[in-house]
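**Student:** One structure coming up, written as structure tokens, with questions to follow.
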Amino acid sequence: MSLSNKLSIRDLDLKNKRVLIRVDFNVPMKDGAITNNNRIVQALPTVKYALDNGASAVILMSHLGRPNGEAVAKYSLKPVAAEVEKLLGKPVEFLNDCVGPDVEKACQSATGGKVILLENLRFHIEEEGSAKVRWSKVKADAEAVKKFRASLTALADIYVNDAFGTAHRAHSSMVGVDLSQRAAGFLMQKELEYFAKALENPARPFLAILGGAKVSDKIQLIENMLDKVNALIVCGGMAFTFKKTLDNVKQIGKSLFDEAGSKLVRNLVKKAAEKNVKLVFPVDFVTADKFAPDANTGYATDADGIPDEWEGLDCGKKSSELFREEILKSKTIVWNGPSGVFEFDAFANGTKSVLNAVIEATKEGATTIIGGGDTATAALKWGAEGKVSHISTGGGASLELLEGKELPGVTALSSKN
């Protein structure tokens, strides 16, 4: 799966065409009101581009929440239609369903640059292909899925996918729209462009910074990165599993230890040596007497070890300096996983200092990519937008790409040639 060879909305002639755009309008809501419209704002450049380039109609489809394959009023996209209308500055017609004869008729007769928002795709079990009933999963009927996908296909002439955050899911709206031109929108294109820079043709030295809790959860990620990078910083909770297994530290107290992951550590270290990948671990820690924002804090080094009733919740100043040196040597940097429990102020400095070093490296010309999820949350919290090359919008999707997996929603896009 080449990331850099996918058809983009810029490659298409949109004049007098109906354009079906899969957006990600999965926005937080409270009492029927949108509490953060960022995802809607991010989708607008693709919508505006289609309108500015003569599309006869733009039809938007999205999911919201987890309604489990049935219509649930609190997950209706109706409030989103009003927000899109406000931000676009033009009327948006909201349809009460996303498939079926009435929806097909409304979309097929739309002209003059009309904008339509369909109701939540996940109100139908056929979107995700299954639903949870009590403790078991019920699969959607294959014939019904085919019909659902055919109805989505009937809505437009061209399909555009701008929902990178759902690209790792083989849902009907991601892989089942059978139009001859299936292109990436601007958000999707930017994600593919930057991940291609890292995974297909990185400027070197190439550094990965991997944090998070469990080695066993990140095994595929570490394995895949060891095949690609020149150096790897291991931080966050999973560093303790490495350090204890390799006897690099006297004792780790109550710090996270991943028993299953510990069995994989020696092979990973061996692979790093074979591939000539430099491994960098923290050497000192900010410790806590409990896992809480109001915990008493302490300090420990590898040589001292962490006392029995204490746990490491962040890396210390010496580690931050080590990490900074490695970051500033690098020309391509991918960061996935914070280096401490940044949600608690007392244990946020390690993650903050990694972020500052990544920003510094960006200024010096490095390509810097921050994976989605917690790392993106931390980066946005401290105002890094525009100061690093790319902050991914997809937690699970970016992780799977970095693990070397194919994303169904990307595979389904047309290639340029």
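The backbone N, Cα and C atoms fix where each Cβ goes, glycine too.
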**Student:** Of the residues Glu274, Glu343, Glu400, Glu406, only one is listed by Swiss-Prot in the ATP site with Ala213, Lys218, Gly237, Gly312, Asp374, Thr375. Which is it?
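**Tutor:** Candidate listed by Swiss-Prot for the same site: Glu343.
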**Student:** Taking only C-alpha atoms and a 10 A limit, tell me which of Phe25, Ser62, Gly65, Gly236, Phe342, Asp374 are near Lys214 (AMP binding site). These are the binding-site residues.
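**Tutor:** Matched binding-site residues: Gly236, sequence order.
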**Student:** Considering Cα atoms only, can you say which of Asn38, Ser62, Gly65, Leu121, Thr375 is the nearest neighbour of Ala213 (AMP binding site) among these binding-site residues?
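**Tutor:** Of the binding-site residues Asn38, Ser62, Gly65, Leu121, Thr375, Thr375 has its Cα closest to that of Ala213 (AMP binding site).
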**Student:** Should Leu121 ((2R)-3-phosphoglycerate binding site) be counted as helix, strand, or coil on the basis of DSSP?
**Tutor:** helix
**Student:** Have a look at the binding-site residues (Gly212, Gly337) and report the one with the fewest Cβ neighbours inside 10 Å.
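**Tutor:** Among the binding-site residues Gly212, Gly337, the lowest count of other Cβ atoms within 10 Å belongs to Gly212.
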**Student:** When you look at Gly212, Asp217, Gly236, Gly337, Phe342, which the record names as binding CDP, what is the longest CA to CA distance in angstrom?
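**Tutor:** Farthest-apart Cα atoms in Gly212, Asp217, Gly236, Gly337, Phe342 are separated by 20 Å.
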**Student:** For Gly337 (CDP binding site), which of the binding-site residues His168, Lys218, Gly312 has the nearest Cα in space?
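**Tutor:** Nearest by Cα distance to Gly337 (CDP binding site): Lys218.
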**Student:** So which one is it: of the binding-site residues Val23, Leu121, Ala213, which has the fewest other Cβ atoms within 10 Å?
**Tutor:** Ala213
